[in-house]
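What follows is a short report on a single structure.
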Amino acid sequence: MNKEKAIVVFSGGQDSTTCLFWAKKKYKEVIAVSFDYNQKHKLELDCAKDICKKYNIEHHILDLNLLNQLAPNSLTRQDITVDKSAPKEGVPNSFVDGRNLLFLSFVAVFAKQKGINTIITGVSQSDFSGYPDCRDVFIKSLNVTLNLAMDYEFEIITPLMWINKAETWKMAYDLGVLDIVKEETLTCYNGIKADGCGECPACNLRKKGYLEFEKYLMN
């Protein structure tokens, strides 16, 4: 297994950017892969491109526009408004069926062609917002499936799996990239960079985590 190279599933948001710089500390070569799935917050791809260009990281954007045809949701459809809070039953309408399944599968195909075994993704079960494809059991299951499907030894690493947003901010701080994550990323479902719209679930989670992180710094 090649332990010197890694591929990061990179959206240009807080979590994946933190993982990207975490990976840069641990691996000699890091490649970022992003996806265009006709997301309304497509500005995140510009953030991803800018970050990779600025910090000299090889970057690829793969076309997954068909995802919008298969799974209508509030992140890709202009006629569906993002839920401001999680529903009592079921998943939020911002959940894109099959997104992480497809992202990781396509990245695995890409990784094998590059002779890379390690795939890094910023999913978290602690702050998973009701998304079933952010759970540890899903990642472990998919890891086994990909290994069997391609007769190849992949290792999917999830640095944020068991930490919350405040701890993710602390990780960025410890890595020396707090300002990069705070100012140059896009987490907002409404496509507003940095602090975002302040109203969508992603912005609320990000802000709540940052306020908790600030309390930690003051202690």
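Here the Cβ of each residue, glycine as well, is placed from N, Cα and C on the backbone.
Lifted from Swiss-Prot, the feature list:
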type: BINDING; residues: Phe10, Ser11, Gly12, Gly13, Gln14, Asp15, Ser16, Thr17, Thr18, Cys19, Leu20; note: ATP binding site
type: BINDING; residues: Cys188, Cys197, Cys200, Cys203; note: Zn(2+) binding site
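Structure coloured by features recorded in Swiss-Prot.
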| residue | record | CB count, 10 Å |
| --- | --- | --- |
| Phe10 | ATP binding site | 33 |
| Gly12 | ATP binding site | 26 |
| Gln14 | ATP binding site | 25 |
| Ser16 | ATP binding site | 24 |
| Thr18 | ATP binding site | 26 |
| Leu20 | ATP binding site | 29 |
| Cys188 | Zn(2+) binding site | 24 |
| Cys197 | Zn(2+) binding site | 14 |
| Cys200 | Zn(2+) binding site | 23 |
| Cys203 | Zn(2+) binding site | 18 |
Inter-residue Cα distance where the pair is Cys188 (Zn(2+) binding site) and Leu20 (ATP binding site), in Å: 19
Integer Å distance between the CA atoms belonging to Gln14 (ATP binding site) and Cys203 (Zn(2+) binding site): 11
Cys200 (Zn(2+) binding site) versus binding-site residues Phe10, Gly12, Gln14, Ser16, Thr18 - nearest by Cα: Gln14
Check: same-chain CB within 8 A of ATP site center, minus Phe10, Ser11, Gly12, Gly13, Gln14, Asp15, Ser16, Thr17, Thr18, Cys19, Leu20: Val8, Ala48, Gly122, Val181, Thr185
Cys188 (Zn(2+) binding site) and Ser16 (ATP binding site), distance between Cα atoms, whole Å: 14
Chain-mates of Cys188, Cys197, Cys200, Cys203 with C-beta within 8 Å of site centroid, Zn(2+): Thr187, Tyr189, Asn190, Ile192, Gly196, Gly198, Glu199, Pro201, Ala202, Asn204
